[in-house]
Amino acid sequence: MSQVTVTEHLLLHQKKSPMATGRFTSLLTELILSAKIISREVTKAGLVDVLGFTGETNVQGEKVRKLDEFANNVLIHRMRRSGVLCAMASEENGDLIHISGDLPRGDYILIFDPLDGSSNIDVNVSIGTIFSIYRRPLKKNGETPSMREVLQTCDKQICSGYFIYGSSTMMVYTTGEGVHGFTLDPSVGEFLLSHEDMKIPEQGRIYSVNEAYWNSWDPATKEVLAYFKSRENALGKPYSSRYIGSLVADFHRNLLYGGIFMYPSRILDNGERQGKLRLMCEAAPMAMLIEQAGGMATDGINRILDYQPTELHQRVPLFIGSKNDVETVRQIYLKHQEKK
Ligand code: P6P
């Protein structure tokens, strides 16, 4: 493994921008410290009483687990003091998180899912922190941005990435110049460059979906699944099915091996058809990463990065991974759309 630390990598990126002030670098440096603190707790979760539930419920209506709360608190506490943000949004919090007037502020907006896949915490399966960074459209010296300034089209992200807490802790991120992976060396507490310029294979061999929702899918989605299970597909044989139930873990495996992750819209008990994953803190950051790695991300038909968010926690169907597979899915949905 190279000895290039993520800090050196960030400084190299900073040097390429003559106007850079170093504020973006310090934002990511604080984010990395937060991830190291979270990683320490996650990797000893089985030993310390941080497992189980706090007994509370979050804005998504999901039971909050102690590590969820810990990760969220670490990120909010540290990033509030980074001095470069004008606002934050967390998957765990209903409203925007403002930076109080007594703290230094800047013009970046950070949106994050503090511990995605948390339902896997107690069974020692990889979970992760997902982040997305925007620059406020008009510099206003750190004044709290309006929701309209926060809800920018997803292609306006200037950086996105994730930390995955698994057999090792990794950071994978992009600033629009390729996707780069760093592995934490716990003996020195540094993220070292381990996967430079990551590219996802154009043709996958794996599909990831929760097939328990089969009966709530529409005919187009059922045809998509039939494609991946048949011999009449790009491989000439059924794809392998792999589903962890942790977006970061499923995404990371597909990024390395090739494949497609799908969370189609499903009919809810109230009769509404909806996706589950959140646009701003899950789909959009992963979409920026996958496009930078040569892959594709849609809601079945439309490009995720073309989305203009209408609310902070809006949900979206997600098909993300190897370009050939996501495009095949798109053609199936378009064919069914024309029939309507
Ligand atoms: P299901 C975890 O709660 C999450 O948001 C993603 O990490 C994961 O891909 C998905 O939900 C799993 O959802 O309905 O299959 O349990």
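Heads up, the Cβ atoms here are built off N, Cα and C, so glycines get one too.
Going by what TrEMBL states, the Mg(2+) 2 site holds D113, D116, and the candidate of E272, E282, E291 recorded there is E282. Residues D113, L115 are recorded by TrEMBL as Mg(2+) 1 binders, and the candidate that the same record lists for that site, out of E91, E143, is E91. The candidate list N73, N210, N215, N302 contains one residue that TrEMBL assigns to the substrate site with D116, G117, S118, S119, Y243, K276, namely N210.
Between the alpha carbons (Cα) of S119 (substrate binding site) and E91 (Mg(2+) 1 binding site) lies a span of roughly 14 Å. In the predicted model, the domain 'Fructose-1-6-bisphosphatase class I N-terminal' (5-196) has a mean pLDDT of 89. Proximity of the binding-site residues D113, D116, G117, N210 to ligand 1, judged by a Cβ distance under 6 angstroms to any of its atoms, singles out D116, G117, N210 in sequence order.
The binding-site residues in question are E91, D113, D116, and the one with the fewest Cβ neighbours inside 10 Å is E91.
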